[in-house]
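Visitor: After the structure tokens below, expect a handful of questions from me.
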Amino acid sequence: MANSQRAMLKMLSSRSSPIRSRNTYKPGLSLWWPQTPTSQPEKNADTPPNLTDDDLIVTWDGQTDPSCPFNWSLTRRWAITLLCSMGGMVTLMSASMLAPALGSISTDLSITESEANMVVSIFVLAFAFGPMALAPLAEVFGRRWVWILSSTWYILWNTVCGFSHTRGLLLAGRILSGIGASAEYAITTPVLADCWRAEQRGQSFAIATFVPLLGPAIGPILGGILTEKIGWRWLFWVLSIFDAVLVVYAILFFPETYHRLLLHRKALRLQRETGRSYRGESEVHAQPLLRKLGYSLARPCWMLATQPTIQIMAIFLAYNYGVLFLVLTSFASLWTDKYHQSVLISGVHYVAIVIGYTVAAQGGARITDWLWKYLTRKRGQTAPEYRIPLMIPGMVFLLAGLFWYGWAADVMAPWIVVDIGAAVFGCGVILCTQAMQQYVMESYRKYVASANASSQFLRSIFGFCFPIFAPALYDRLGYGWGNSTLAFILIGFGVPAPFIIWVYGARLRAKGKQRAKGKVFLA
């Protein structure tokens with residue numbers, strides 16, 4: 001390259017231009033964590049084989065680039081956030097809406113009660129495996145089309161469930177529709193990371209956590225009404241119709257948000273306009289498509305196996321989610337079996353949990369954003385651990401709610417006392433979930449989709465298993481000692497978790513960074 005060209009590239013780089021010389025590349029270091037750029041004007045063996053001296057690396061046009069999702073209008077970003085949140089609500093509603101209809105399903109299909117419970121739990125099991133494939137695909141092909149195609153797959157198989165006349169077809173339809181529905185787990189958190197800066201994520205993440213968890217609370221209410229009025233098959237069809245509306249909206253108004261893909265498209269546009277060689281930042285380590293897919297699909301498993309912070313969060317999220325689904329799936333039977341209320345009234349009690357969700361979502365959002373800004377200002381730098389303090393009040397509410405709800409139900413206290421305990425429990429679930437998922441998002445920003453999938457793998461396994469033994473737990477121990485047992489286990493390993501992450505989080509992340517160094521599928 002001529003000296004004048006090198007001088008021009010150096011000048012552009014020094015001014016934070018959207019176009020950088022390929023010499024910002026430094027081999028042998030993982031791109032997972034940012035490295036200090038180095039300038040090396042002479043082409044040498046360090047140059048990536050897929051780049052040349054004439055390649056220009058495309059980035060955003062500064063902090064205010066209007067094409068960067070961070071700088072889109074608030075209306076546009078909130079519309080995207082609400083779309084993903086509503087999709088998450090459909091997903092979790094699909095898991096819980098059948099609870100009041102299990103008796104009718106058992107009668108119509110001539111299956112046992114335990115087989116009917118599998119109709120609910122096998123759908124949740126699909127949430128464990130779906131994101132492990134869909135999240136890497138979202139890091140290769142982008143968020144938009146993975147979300148749309150997965151949702152379409154869900155609609156297809158969920159509709160088939162409504163036409164099922166055999167146990168086998170119903171179970172097959174449930175697990176296949178669950179894989180499609182799991183895109184909400186794989187895509188929502190990465191989309192939030194794409195659209196919102198760290199200091200803005202508290203409120204958006206609160207909505208994206210709160211709205212989906214309305215599904216398990218509202219689902220049984222609607223399920224009871226629809227089952228009594230028009231039959232259990234319409235539960236599937238109503239959900240399919242609602243999700244189809246979301247898919248149509250997404251096709252029309254859901255833009256791609258993945259930064260690396262948007263920069264790749266920008267590089268292609270500049271190439272067409274100028275004839276020069278432009279590359280997106282993701283192309284520094286460009287691989288053939290099949291190899292890239294292989295690396296991407298391996299990434300969530302590798303992260304779960306080697307990253308200590310993800311392992312801690314995965315275990316805690318798993319138990320938290322398992323207890324939540326145990327409570328949600330057994331809550332209706334408490335009112336029908338012990339309080340002798342109708343199926344319809346038993347569903348109305350889920351409003352108590354919704355109230356707990358609402359209070360925690362709104363309060364937690366403001367607290368976590370304030371804490372992030374306060375700690376950043378006080379310490380002069382950001383750190384993922386600034387999301388952790390919210391776990392402490394969350395843990396208090398979670399434990400208090402378990403004890404309160406369990407013993408109030410055990411002694412058959414007035415319904416309002418039981419419902420208040422359930423609301424406190426729901427409040428704790430939201431606060432803990434917000435803190436843990438935001439911590440993972442901040443820690444693994446570049447591969448947030450894979451990190452999110454790996455941290456939630458065990459969560460869905462526990463969500464599948466816990467409701468299966470819920471009847472036996474409460475039959476043998478009662479609601480009081482049953483919930484107390486769950487709470488004591490949580491005290492044993494859950495209470496220390498936020499303090500361990502707060503004190504040792506940076507060291508654990510550094511250890512994970514060391515393990516990631518030089519791993520080609522993290523490039």
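The backbone N, Cα and C atoms fix where each Cβ goes, glycine too.
A quick note: this is a predicted structure, and the numbers were derived from the prediction, not measured.
Dumping what TrEMBL says about this protein:
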type	residues	note
COMPBIAS	33-49	compositional bias 'Polar residues'
DOMAIN	80-509	domain 'Major facilitator superfamily (MFS) profile'
REGION	30-49	region 'Disordered'
TRANSMEM	78-98	transmembrane segment
TRANSMEM	118-138	transmembrane segment
TRANSMEM	145-165	transmembrane segment
TRANSMEM	171-193	transmembrane segment
TRANSMEM	205-226	transmembrane segment
TRANSMEM	232-254	transmembrane segment
TRANSMEM	312-335	transmembrane segment
TRANSMEM	347-367	transmembrane segment
TRANSMEM	388-407	transmembrane segment
TRANSMEM	413-436	transmembrane segment
TRANSMEM	457-474	transmembrane segment
TRANSMEM	486-505	transmembrane segment
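How about a rundown of where these features are and what they're close to?
Guide: Averaged across the domain 'Major facilitator superfamily (MFS) profile' (80-509), the predicted model reaches a pLDDT of 87.
Long-range contacts of the transmembrane segment (78-98) within the same chain: residues 105, 119-120, 123-124, 127, 147, 151, 154, 158, 177-178, 181-185, 187-188, 191-192, 195-196, 204, 207-208, 210-220, 222-223, 232, 235, 239, 242-243, 246, 249-250, 253-255, 257, 325, 328-329, each at least 6 residues beyond the stretch ends and with a Cβ under 8 Å from a Cβ of the stretch.
Sequence-distant contacts of the transmembrane segment (145-165), counting only residues of its own chain at least 6 positions beyond either end whose CB sits under 8 Å from a CB of the stretch, comprise 84, 87, 91, 94, 109, 130, 134, 137-138, 173-174, 176-183, 186-187, 233-237, 239-240, 243-244, 246-247, 250-251, 254.
Counting residues 6+ beyond its ends, the transmembrane segment (171-193) has Cβ neighbours under 8 Å at 80-81, 84-85, 87-88, 90-91, 94, 118-119, 122-127, 129-131, 134-135, 138-139, 143, 146-147, 150-158, 160-161, 164, 201, 204-205, 208, 212, 257-258, 437, 440-441, 445, 448-449, 452-453, 456, 460 in the same chain.
Residues 81-82, 84-86, 88-101, 184, 188-189, 192, 196, 232, 234-235, 238, 324-325, 328, 331-332, 343-344, 346-348, 350-351, 353-354, 357-358, 360-362, 364-365, 368, 426, 429-430, 433-434, 437-438, 441 of the same chain, all 6+ positions outside the transmembrane segment (205-226), place their C-beta atoms under 8 angstroms from a C-beta of that stretch.
Distant neighbours of the transmembrane segment (312-335): 95-96, 99-100, 117, 120, 124, 216-217, 220, 224, 304, 341, 343, 345-347, 349-350, 353, 398, 402, 405, 409, 415, 418, 422, 425, 429, 432-433, 436-437, 439-440, 454-463, 465-467, 470-471, 473-474, 479, 486, 489-490, 493-494, 497, 500-501, 508; these residues of the same chain sit at least 6 beyond its ends, with a Cβ under 8 Å from one of its Cβ atoms.
Nonlocal intrachain contacts for the transmembrane segment (413-436), taken as residues 6+ away from its ends with a CB within less than 8 angstroms of a stretch CB, comprise 202, 205-206, 209-210, 213, 217, 313, 316-317, 320, 324, 327, 331, 334-335, 339, 349, 351-357, 359-361, 364-365, 368, 387-391, 393-406, 455, 498.
Here the transmembrane segment (486-505) has long-range neighbours at 309, 312, 315-316, 319-320, 323, 326, 383-385, 388-389, 391-392, 395, 398-399, 402-403, 406, 435, 439, meaning same-chain residues at least 6 beyond its ends whose C-beta is under 8 angstroms from one of its own.
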Visitor: Looking at the transmembrane segment (118-138) and the transmembrane segment (347-367), are there 3+ C-beta pairs under 8 A, with each pair at least 6 apart in sequence?
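Guide: When sequence-distant Cβ pairs are counted, the transmembrane segment (347-367) does not touch the transmembrane segment (118-138), since fewer than 3 lie under 8 Å.
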Visitor: Against which stretches of its own chain does the transmembrane segment (457-474) lie, if we need a Cβ under 8 Å and a gap of at least six residues from its ends?
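Guide: Contacts of the transmembrane segment (457-474) (Cβ under 8 Å, skipping residues fewer than 6 from its ends): 114, 117, 120-122, 124-129, 131-132, 182, 185, 300, 304, 314-315, 317-326, 329-330, 333, 482, 485.
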